[in-house]
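TrEMBL annotations:
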BINDING   Asp8, His9, Gly66, Thr67, Gly68, Ile69, Gly70, Asn99, Arg109, Arg132, Arg136  D-ribulose 5-phosphate binding site
ACT_SITE  Cys65  active site, proton acceptor
ACT_SITE  His98  active site, proton donor
Amino acid sequence: MKIAIGSDHGGVDLKEEIINFLKSENYDVKDFGTNSKASCDYPDYALKVAEAIVAKEFEFGILVCGTGIGISIAANKVPGIRAALCSDTFSAHATREHNNANILALGARSVGPGLALDIVKTFLNAKFEGDRHQARIDKITAIEKKYIK
Ligand code: RB5
């Protein structure tokens, strides 16, 4: 499975831990940066990963910033992206099963590395349930279409 990952400076250490974990599990992972602790802007990395996902170059994306909030808000501006900020494993499987989330967002300052890796594993192993959930996602897509100029 191909995974795209990105972070700002606030998420760079956790991103590295996640990359090491994904490689140890034989996931095919591409790091979209940042790769330093110098202050940078999370929308830049959200956009790189989100565009790679909508281009279908990767199955899922993972985005990390200090809280996970800014980077998920930015990613969700790209039509076709359903980025879910998760800080527990229940939400991580529920967002795959119900929302067909294609990006997992994490807050490096709010979730420790052990829990973050459990959330990543749970997200990647859960399956979308379709049916009534697809109809609701279709309504999200209709909202996107209404506002795309
Ligand atoms: C960077 O200081 C911080 O604002 C960012 O990582 C994130 O938490 C934004 O939502």
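Backbone N, Cα and C define each Cβ position, glycine as well.
Gly70 (D-ribulose 5-phosphate binding site) falls within a helix when secondary structure is assigned with DSSP. Among the recorded positions Asp8, Gly68, His98, Arg109, Arg136, the residues whose Cβ lies under 6 Å from any atom of ligand 1 are, in sequence order, Asp8. The two recorded residues, Arg109 (D-ribulose 5-phosphate binding site) and Cys65 (active site, proton acceptor), show a Cα separation of 8 Å.
Sequence-distant neighbours of the residue listed as 'active site, proton acceptor' (same chain, 6+ residues apart, CB-CB distance under 8 A): Ser7, Asp8, Gly10, Gly11, Tyr42, Ile71, Ala105, Gly107, Ala108. Other C-beta atoms found within 10 angstroms of the C-beta of Gly70 (D-ribulose 5-phosphate binding site) number 20, with every protein chain shown included.
Straight-line distance linking the Cα atoms of Arg136 (D-ribulose 5-phosphate binding site) and His98 (active site, proton donor), rounded to a whole number, equals 9 Å. Each of the recorded positions His98, Arg109, Arg136 was ranked by the number of other C-beta atoms within 10 Å, and first place falls to His98.
Take the CB of Gly66 (D-ribulose 5-phosphate binding site) and look out to 10 A: across all protein chains shown you find 18 other CB atoms. Taking CA atoms as the reference points, Gly66 (D-ribulose 5-phosphate binding site) and His98 (active site, proton donor) are 26 Å apart.
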